[in-house]
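Here TrEMBL flags 23-46, 58-84, 90-118, 130-155, 194-219, 240-263, 269-292 as transmembrane segment. Under the heading domain 'G-protein coupled receptors family 1 profile', TrEMBL lists 39-290.
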Amino acid sequence: NSSDLSPSSFILASIPGLETAHFWMAILLCSMYILAVTGNCAVLFIVKTEPSLHAPMYFFLCMLAAIDLALSTSTVPRILSFYWFNTREISFGACLVQMFLIHTLSAIESTVLLAMAVDRYVAICHPLRHAAILTNAATAKIGLVAMARGVLFFLPLPLLLLPLPFCSSRVLSHSFCLHQDVMNLACANTTPSVVYGLTAILLVMGLDAILICLSYILILKAVLRLASWKERLKVFSTCVAHICVVLAFYVPLIGLSVVHRFGKDLAPLVHITMGNIYILVPAVLNPIIYGVRTKQIQRRILNLI
C-alpha cells in the first residue's frame, strides 16, 4: 500500500503552527490578486482605447498583462479556497492541469520579455528600420510563436508524470502544483522527467535570459557612442521599465529554483512564501512599473479616475 498507480489527489502545503493565521494570509493574497487583476485589466483597456498606444511595445505589454492574468487566476483562487475553507486536497488531474498552465504561461512570458528586449534593441540601434521590422503583423506572429513554444516545450511534463506510481505521502511543498514538487513524490525512476524538465527550462527561460542580456549589452554599446551623458540617459531611460519587469520575473523564478534545489531542509514557510512571490509579485508589479514609466498610460489612468 506504499504506492498507487493512479493517485486520486495531492495535499496542498500548509505552514505548521500558523494554521490560525491562514485567514489573514488569505486576505493579503486576495488583496494582491485584486490589485493584479485591476492593474492588468486597466493596461489592456487603456492600450485598446488609446490609438497612440497601438504600437508593438504596447501590444507586447498587453500580452504580458494577459499572461499575468491567466497565471494568477489559474492558481490564486485555489490557494484562497485552501486558506479560507481548508480545502487542502487537489485532484491528480487538476494538479497536472495547473502545473501545465503555470510552466507554459511562464515560458510564454519569458518569450514575450525577450521580444520586448529585441524591440528596444531595434528601436535604439536601428531606429529607421524599427517600423519596417516590427510591424503589427510581425508582433502578432511573435505572440503566436511564444504560445506555440510554451505549449510544445512544457506539454510533455504532465505526460511524463502520468504513468508514475506515487508514494503514500502526497503532501506538496506549495499551495499549488509545480513539476519539481509533484515529481519528488513519485516512487519510481524520475530521471527522464528530471532531464526533460531541466532541458526545457534551460532551452526556454535560460536561453531567453542569455539573449536578453546580449540585447542589453548591444544597447549599452550603442548608448555609450552618444555624445553627451544627457542623451545617453534619455535614450537608456526608455529601457528602465522593461529591465524592472525582467527582474521582477527572473529573480523570483531563480529564487524558487534555488529553494527547490538547495532548500530541502528549509522551513515550509520559505517554500510557500517563495511560491506565492513567484505567482503574484510579477503580476502586481508589471502594470505599476509601466504605469509609472509611461506618460500616456499615466494620463489615461488619471482621466479614468
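The backbone N, Cα and C atoms fix where each Cβ goes, and this holds for glycine too.
The domain 'G-protein coupled receptors family 1 profile' (39-290) scores a mean pLDDT of 90 in the predicted structure.
Remark: the transmembrane segment (130-155) makes no contact with the transmembrane segment (240-263), by the rule of 3 or more CB pairs under 8 A. For the transmembrane segment (58-84), the list of distant contacts is 12, 14, 22-23, 25-26, 29-30, 33, 36-37, 40-41, 43-44, 47-48, 90, 98, 101-102, 105-106, 108-109, 112-113, 115-116, 119, 136, 139-140, 142-143, 146, 175-176, 245, 276, 279-280, 282-283, 286-287, 290: same-chain residues at least six beyond its ends, Cβ to Cβ under 8 Å. Counting only same-chain residues 6+ beyond the ends of the transmembrane segment (194-219), those with a CB under 8 A from a CB of the stretch are 103, 106-107, 110-111, 113-114, 117-118, 120-121, 124-125, 149-150, 153-154, 156-157, 160, 179-180, 183, 236, 239, 243, 246, 250, 253, 257.
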